[in-house]
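Peer 1: Structure in structure tokens, see below.
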Amino acid sequence: MKAKRRILLQLLTFCLFLLLLAKIHFRNHQEEELLLSDWFNPRRRLDVITTTDWLAPIIWEGTFDRKVLETYFRKQNITVGLAVFAVGSLTDRYLDPFLQSASKFFMPGYRVIFYIMVDKYLQLQEMEHNPLQSFQVLIIGKERWWSNFDLMRMKILSEHIQNHIRYEVDFLFSMNINMVFQSEFGVETLSTSVAQLHPWWYFRKRTILPYERKPTSVAHIPFGLGDFYYAGAIIGGVPFQVLDFAQQYLKGVFLDTENGVNSTYEKYLNKYFFLNKPTKLLSPEYSWDPTFNLPRHVWFVKIAHHPIDTL
């Protein structure tokens, strides 16, 4: 009888120990989890749309608390990738302003890997040394469809994500080369799937947004449907999400080509985000065309997206 009591007492003690461990784990998980309400306050910007119908935040200056985000992401020990394609005459004209400004304003204080896709060997211009930043210059070969720049870059990007990028970074952005960072592009932009609102079409009625209207195209969005119009200048998220878009885009282009239909990169992008809602949207502040008059809604321009040949 005493032996049975001893065994029961040991079992009870062990169960209590497991319960205590579970409580500690749950408390630590709660402390580590970052809630949207911890860092995002849409009521601070009543002059703009700050939340989508599917409850994704739209990041405007004034809506986020970067200190809270910094505290969280520092603990995560993250690495962020930034991919840019520099081919032909674009390289000499736009690459240096892009990299010089990105090295200063893109994710300062975090490990960053710049993936620079080029069609010929190049020597990067000297930049201020930052031990948190590294640069991979990746030479790409010419293909028979080289003239389709967007097709080329999405195919190359998807290959590099599968081969090595997905193992090297926690988040990845792909950006156009004709962009110059003006102020901090920080951790407030990080999420599973990140879309950029178009600086021109954001301020226009939904009924006139330039979606693909040909019913035979994979990119088709019927009249009366659609959420926002997204810009092709920036796409981001975790690597597998960027990869998924690139693969879906390539599939759509090939299917349309087989059927004798043409569309544009940006229209495929908009169809993708119509079907696969982004978890975070960046306001036009993050990709502003400096040839536009600055509206009162745009407080700080994060990136100036210069039209080709204006830099």
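Every residue gets a Cβ built from N, Cα and C, even glycine.
Automatic prediction, not curation, is the source of TrEMBL annotations.
Below are the features I grabbed from TrEMBL:
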type     : residues      : note
SIGNAL   : 1-22          : signal peptide
BINDING  : F85, A86, V87 : UDP-N-acetyl-alpha-D-galactosamine binding site
ACT_SITE : E266          : active site, nucleophile
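Show me how these features fit into the shown structure, please.
Peer 2: Sequence-distant neighbours of F85 (UDP-N-acetyl-alpha-D-galactosamine binding site) (same chain, 6+ apart, CB under 8 A from its CB) are M117, V118, F149, M152, R153, I156, I177.
A C-beta separation below 8 Å, combined with a sequence spacing of at least six in one chain, links E266 (active site, nucleophile) to Y230, A231, G232.
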Peer 1: Counting all other Cβ atoms within 10 Å across every protein chain shown, which of the binding-site residues A86, V87 scores highest?
Peer 2: A86
